[in-house]
Amino acid sequence: MRTLIGSSALTLALLGATALSALAQDTLKIGYVDPLSGGGASIGQIGMNQLNFIADEINAKGGVNGRKVEIVGYDNQTNPQISLVQVQKAIDEGIQVIVQGNGSSVAVAVSDFVTKYNDRNPGANVVHLNYAAIDPVLTNEKCSYWHFTWDASADIKMEALTNFIKEKEDLKKVYLIAQDYSFGHAVAGAAKRMLTEKRPDVEIVGEEYHPLVKITDFSPYVAKIQASGADTIITGNWGQDLALLIKAAGQAGLDVDWYTFYAGGAGAPTAIKQAGLENRVYQINEGINNQGYGPAEERAGALMQRFSDAPIYYPRMFNMMDMVFKAMVEAGSEDPGDFVPKLEGMKLDSFAAGDEGFMRADDHQFFQPLYISTLGALEEGQKFDEEHTGWGWKMAASVPTESTLLPTKCDMKRP
Amino acid sequence: MSATAKTPILELAGLRKSFGRMEIIRGVDLAVVQGERHAIIGPNGAGKSTLFHLVSGHLRPSAGAIRLRGESIEGLPPQSINRRGLSRSFQVTNIFPRLSVWENVRCATLWSLGHRYSFWRDVERLDDVTRRTEEILTEIDLIDRRRTPAGVLTYGEQRALEIGLTIAGHADVLLLDEPTAGMSHAETERVVALIRKVSEKRTLLMIEHDMQVVFDLADRISVLVYGEIIACDTPARIKANAAVQQAYLGTEAA
Amino acid sequence: MTDARTLPRTDAIGGRRPGFLARHAVWIALALALLLLPYLFSSRLALSTMSMMGTMIIFALSYNMLLGQTGLLSFGHAVFFGLGGFFTVHVLNAAGSGDWPIPLPLFPVVGGLGGLAFGILFGWVATKRAGTAFAMITLGIGELVVSSALILRRFFGGEEGITTDRTDVMSFFGYGFGPQLQVYYLIAAWCFLSIAAMYAITRTPFGRIANAVRDNPQRTAFIGYDTSRVRFIAFSLSGLFAGIAGGLSVVNFEIVNAAQMGAVESGSVILMTYIGGVGNFAGPIIGAILVTWLQLILSDATQIWPLYVGLLFIGMVMFVPGGIAGLLAMQAPVMAARKLHRVVPFYLLALAPGIVALVGLSVLIETSHQFSIRASYGPQLTLYSIPLDATSPLPWVAGVVLAVAGGILFMRAERLARDAYHAAVAQGGQG
Amino acid sequence: MLEIIFVSTLNGVLYGMLLFLMASGLTVIFSMMGVLNLAHASFYMLGAFFGFEISRRLGFWPALVLAPVVVGLIGMAVERYGLRRVHRHGHVAELLFTFGLTFVIKEVVEMIWGKLPVDYRVPSGLDFAAFTLFSGNYPAFKLFGLLISVGIFIGLLMAVRHTRVGLIVQAALSHPGMVGMLGHNVDRIFMLVFGVGVGLAAVAGVIAGPILVTQSNMAGLLGPILFVVVVVGGLGSLGGALAASLLIGLVQTFAVAFNVSLADLFGGTAAGAILSVWLADIWRVTVAQIAPILPYLLLVMILIFRPRGLMGTRDT
């Protein structure tokens with residue numbers, strides 16, 4: 001039991017070391033709570049890179065309200081509990097703006113924590129800026145005054161995608177494949193609902209849910225799709241679940257069109273190129289590289305040049321930070337208590353092509369123009385390829401902001 | 001004692017054990033009567049240890065019966081047989097190496113004192129356990145070594161502890177497997193005295209190679225050769241038995 | 001390996017019984033430490049960290065009931081932690097909306113009962129076997145439970161898990177448990193109770209027999225005990241305490257999700273227990289504190305902390321298999337012999353080059369990290385407040401020199417320290 | 001229907017043989033040394049990355065030979081300077097050692113090749129459809145992988161039966177206690193076994209890399225399933241490992257092929273109406289959805305009801 005005393009001493013030493021790391025406050029610190037190690041790090045690092053890039057941009061212009069912006073990374077290991085301690089750590093270090101995106105489970109936890117924290121500590125005013133978690137509950141049942149999201153929710157994206165698909169005459173048989181968790185079900189469910197409504201003649205020949213990030217060999221699934229005679233696949237898969245699926249399909253020579261949310265994510269373009277699916281894979285998002293819009297190309301070009309080992313970025317993150325900085329300037333304060341009201345209803349010429357989007361005050365969802373694009377060999381005038389494949393995204397259709405509006409069930413509690 | 005003196009406390013009938021196609025125990029019949037010291041001798045590979053493994057529940061017999069006080073025990077797990085009052089030691093020292101000597105013996109007393117799996121009583125406050133542990137440690141003369149982890153005891157001390165573990169649980173039938181194996185002359189004498197002492201009110205069945213010890217201790221001797229008992233009698237008559245001499249003692253003496 | 005705990009302290013032979021204060025000094029010190037810690041570290045982060053440590057201490061100790069006390073290596077212990085959490089969160093939500101008269105401090109009991117129930121259920125399956133087979137069954141059960149959790153959405157809340165609000169339930173003598181400080185004291189109280197209970201269990205007939213099963217299962221059967229029954233009880237009880245820890249985690253974080261039952265959590269409890277030391281009751285406590293701290297701090301200090309964790313693991317099993325507590329316990333005979341002053345200088349002598357070697361190693365690791373993964377952030381990095389340039393040879397040469405020179409000196413000094421230790425112990429033995 | 005059965009069988013065998021390539025090494029290491037090598041899949045990943053790097057410079061064929069050799073040498077070094085030291089601290093320590101190794105290998109791979117997938121392609125000589133079956137193509141490269149696996153299985157069997165080291169290994173597999181009596185070169189044999197074992201995993205990596213995605217997280221995906229193969233197959237049995245690999249490959253592909261759920265089985269009956277309420281969560285879950293957890297179910301069942309595995313020579 002002597003070691004018990006030893007362990008108490010250890011605690012003291014460790015906590016003492018922690019306390020020392022508290023620093024003086026002169027910059028505007030923004031906390032980035034996302035995976036920076038382990039399996040999710042490749043994705044988390046992209047956001048970190050982009051935030052740093054944006055901070056350098058604004059600092060070059062003299063900062064926000066005269067204060068320099070500093071991005072502080074907090075590795076949450078994609079674990080909700082660790083995330084909460086990291087958010088706590090950020091708050092203790094004087095941070096009031098938390099940026100987070102990866103994983104709906106983390107987003108729900110962080111949003112919930114921040115809301116309770118502000119409730120229990122009047123005047124604390126911490127805001128959660130979400131750039132990627134798109135589970136609809138975040139802007140519906142679990143919406144919060146202190147949470148804003150810049151990515152279109154699954155329902156919004158599917159609404160736009162099905163509007164595009166319904167014009168395709170030769171589309172007869174659709175196969176839905178999704179990861180077996182709430183988001184996957186949300187995507188497949190929306191697809192089924194909206195397709196039946198918009199194109200009753202289209203047959204849904206399969207609806208497949210496979211476990212999340214557990215499958216190494218997708219060929220059995222591909223064989224099943226093949227046997228079903230489908231001509232189109234709609235999927236919400238992301239990450240390796242998309243890359244492996246596309247690769248397996250390419251190897252089996254599966255001849256279908258793909259409609260995806262995340263074909264732009266890390267690894268997927270490489271897989272699409274290897275599978276030889278030129279202009280067969282569509283993605284819907286808030287913007288691509290090759291839209292020919294000067295300001296975007298300039299900014300994105302500079303970013304990708306700097307981070308040439310992972311030349312990926314999120315247009316929505318530019319939207320998000322541009323709006324937040326604008327709100328801070330308008331409010332003349334960096335305290336979320338002051339600038340959050342400015343964000344509500346704010347309009348912005350969105351990053352990708354300068355079309356207007358707005359932050360809906362009812363649920364803190366950003367509505368923006370969406371774009372449908374396909375991946376293929378670079379054409380004349382296209383500047384950007386993906387993952388050094390020589391293939392790049394090109395526009396297939398654009399969806400104006402007003403066609404993306406959906407009602408919300410959010411009952412916002414305002415302080 | 002007198003009324004039950006001649007009734008067998010442990011009985012083996014037609015006991016057989018084979019491993020694959022090899023039959024190690026080939027129909028053993030044996031009756032150990034209450035209170036006797038019974039030794040089993042035989043050449044290496046005769047199946048002596050296997051026989052002990054069968055009786056103590058370590059192995060399941062292929063055929064035949066084992067009765068302890070008239071009740072069948074063949075095929076029961078070791079703990080059930082132990083709880084019926086039969087306890088054994090091992091040829092290769094088999095103790096709890098990381099536990100202290102005190103703890104080794106204390107563990108061996110717990111079941112027989114009815115403490116079973118209790119996880120709500122402080123073991124230090126179980127006076128019956130403490131008393132019994134002290135008794136046993138005194139009996140095997142390890143009381144001064146009680147704080148030592150059993151793994152670092154000398155070989156002779158470990159053998160004594162082995163016997164201590166065997167007798168700690170109030171068993172009245174003891175199976176000792178070569179208790180003096182590998183011991184010096186002085187150590188052997190000590191252990192023989194110990195065995196004599198602990199077997200006073202118990203029934204003893206032992207395997208032993210040291211003929212001196214066997215003839216010194218045993219009331220009766222059974223000779224096991226190639227899985228069969230070829231003779232079972234008093235030491236004197238075993239010495240005189242021609243078959244035994246031919247099969248066993250002859251070669252051993254040479 | 002010496003196992004100080006199993007040596008009888010009150011052999012009842014000629015020992016005089018010390019007074020109450022002396023007998024319970026450790027416990028009083030522990031209680032005081034738990035009480036006073038928030039005065040020393042009052043930041044919210046420190047409170048959250050200590051709350052998390054308290055939870056993890058219970059969790060790691062419950063794991064050591066299996067690994068250290070009974071010799072069972074389980075790969076699925078987080079299942080009980082997580083299930084305890086889920087039971088707690090559901091009852092908490094029901095109590096909150098139904099105004100049940102249960103105050104917050106009692107909810108970990110719900111977690112404990114949940115953990116116990118599933119400990120009994122899965123234990124019934126797993127403890128029929130021991131050794132590697134047992135380990136593999138627990139691995140399988142762990143995977144099964146986590147996978148099913150994503151399917152059974154109503155109970156497990158899918159990917160997001162289930163949230164709750166701890167302030168919704170009945171207040172406890174006026175405490176609403178909104179502030180982290182109150183939560184800290186709640187966890188500290190449970191932590192104290194659980195440590196005491198688990199320590200008490202090691203001193204019961206069952207606790208001793210569990211040690212016997214760990215040391216020699218075969219012989220345990222021959223002293224009348226059913227080893228699979230012993231394993232079963234150990235498994236169930238450890239499920240109980242893991243469930244309590246899970247319940248406390250819910251109270252602390254107000255959220256629980258399926259990932260908490262997963263392989264990563266199970267791995268981290270093994271890490272805590274082993275690094276702290278399985279052979280000593282307090283080992284897992286040290287391990288839980290250290291690993292929790294590392295989890296929260298290391299990731300700020302360096303992005304490639306998993307590499308350090310891996311190296312720490314390898315280093316521990318290769319050089320310090322007894323864990324930190326084992327190292328400390330080794331000093332007990334030296335202290336008893338009052339020869340500490342003879343060995344400490346040698347320890348320091350070995351420690352200095354050891355630290356130099358580690359610094360050198362970390363310079364090499366960080367420089368190559370900056371050179372490879374962080375290349376787009378430029379070659380500049382700051383390490384130990386010293387600015388370095390990954391493209392210049394300086395940090396590389398410095399790293400190699402420090403690591404090699406420190407390593408060689410460490411090995412020399414370590415031999416000296418070892419000799420000094422043995423000499424001190426031997427002298428103590430004679431004196 | 002026939003199409004589904006045929007295609008699923010083929011896919012199952014292909015996947016199963018890939019598993020076998022990895023599991024064969026693991027089972028030999030586990031059975032002989034008692035070390036459950038948690039880092040086995042990490043060596044598989046190393047094989048894939050070395051395969052990628054070497055084929056980029058020298059071509060695929062040299063990579064197929066060189067990558068496993070390099071990985072095997074690394075494995076031998078790990079055994080010689082790491083595992084052997086840990087051995088005396090017991091199996092738990094050995095296990096944790098390999099656990100720590102998985103972190104180190106992963107981080108080092110990320111330092112060298114980054115966290116994003118690398119573009120490891122099927123060699124052009126094998127990049128064609130071997131045959132077309134129903135509407136699906138069968139890539140020649142997958143068949144080539146199948147051939148390699150079968151070749152290695154036969155080669156291993158021959159080596160175990162007809163070489164001196166093989167005979168010792170075989171003896172040690174069925175009687176682990178005997179290992180100690182093998183004399184002074186037991187250390188060398190352990191080192192060799194470990195090297196060859198992880199080398200085999202590397203062969204799997206070189207072949208699987210182009211088919212699957214070569215990325216630093218590829219080890220984590222396959223790790224646990226390998227233990228299932230080894231335990232289900234039974235200790236000390238290469239044949240068992242083969243049978244278990246194929247079984248798991250087939251179970252997974254066939255489960256995917258059939259979309260049966262409780263709703264399909266009991267829907268429409270009176271009991272079904274009640275069940276659909278009580279079992280709402282699992283009412284519509286199909287066998288396909290739970291395909292990947294079936295191996296773990298199999299693992300638990302086997303350990304309870306047939307501890308020695310399908311063809312094992314002794315209990316786990």
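Cβ from N, Cα, C; glycine included.
For D:12-39 (among others), the entry in TrEMBL reads transmembrane segment. Cβ atoms under 8 Å from those of the transmembrane segment (D:12-39) belong to residues 83, 91, 94-95, 98-99, 101-102, 105, 142, 145-146, 148-150, 152-153, 156, 169, 172-173, 176, 179, 190, 193-194, 196-201, 203-204, 207-208, 222-223, 225-227, 229-230, 233, 235-238, 240-242, 244-254 of the same chain, restricted to positions at least 6 beyond its ends.
The transmembrane segment annotation in TrEMBL covers D:59-78 (among others). Within the chain carrying the transmembrane segment (D:59-78), a Cβ under 8 angstroms from the stretch's Cβ atoms is held by residues 43, 46-47, 50-53, 101, 123, 125-126, 191-192, 194-203, 205-207, all 6 or more beyond its ends.
According to TrEMBL, the transmembrane segment annotation covers D:90-109 (among others). Tertiary neighbourhood of the transmembrane segment (D:90-109): same-chain residues 34-43, 45-46, 49, 78, 82-83, 216-217, 219-220, 223, selected by CB-CB distance under 8 Å and a gap of 6+ residues from either end.
Annotation comment: TrEMBL describes D:140-160 (among others) as transmembrane segment. Here the transmembrane segment (D:140-160) has Cβ contacts under 8 Å with residues 13-14, 17-18, 20-21, 24, 122-123, 126-130, 166-167, 169-170, 200, 203, 207-208, 210-211, 238, 242 of the same chain, all six or more residues outside its ends.
Residues or ranges marked as transmembrane segment by TrEMBL: D:189-213 (among others).
Long-range contacts of the transmembrane segment (D:225-250) within its own chain (CB-CB distance under 8 A, at least 6 residues past either end) are made by residues 8-9, 11-20, 22-24, 26-28, 30-31, 36, 40-41, 153, 156-157, 160, 173-174, 295-296, 298-299, 302-303, 308-316. Annotated transmembrane segment per TrEMBL: D:225-250 (among others), in sequence order.
Summarising the annotation, TrEMBL assigns transmembrane segment to D:262-280 (among others).
The feature transmembrane segment is assigned by TrEMBL to D:286-305 (among others).
Listed by sequence, the residues of this chain that lie at least six past the ends of the transmembrane segment (D:189-213) yet keep a Cβ under 8 A from its Cβ atoms are 18, 21-22, 24-26, 28-29, 32-33, 37, 40-41, 43-52, 63-64, 67-76, 78-80, 83-84, 117, 120-123, 139, 141-142, 144-145, 148, 152, 165, 168-169, 172, 182.
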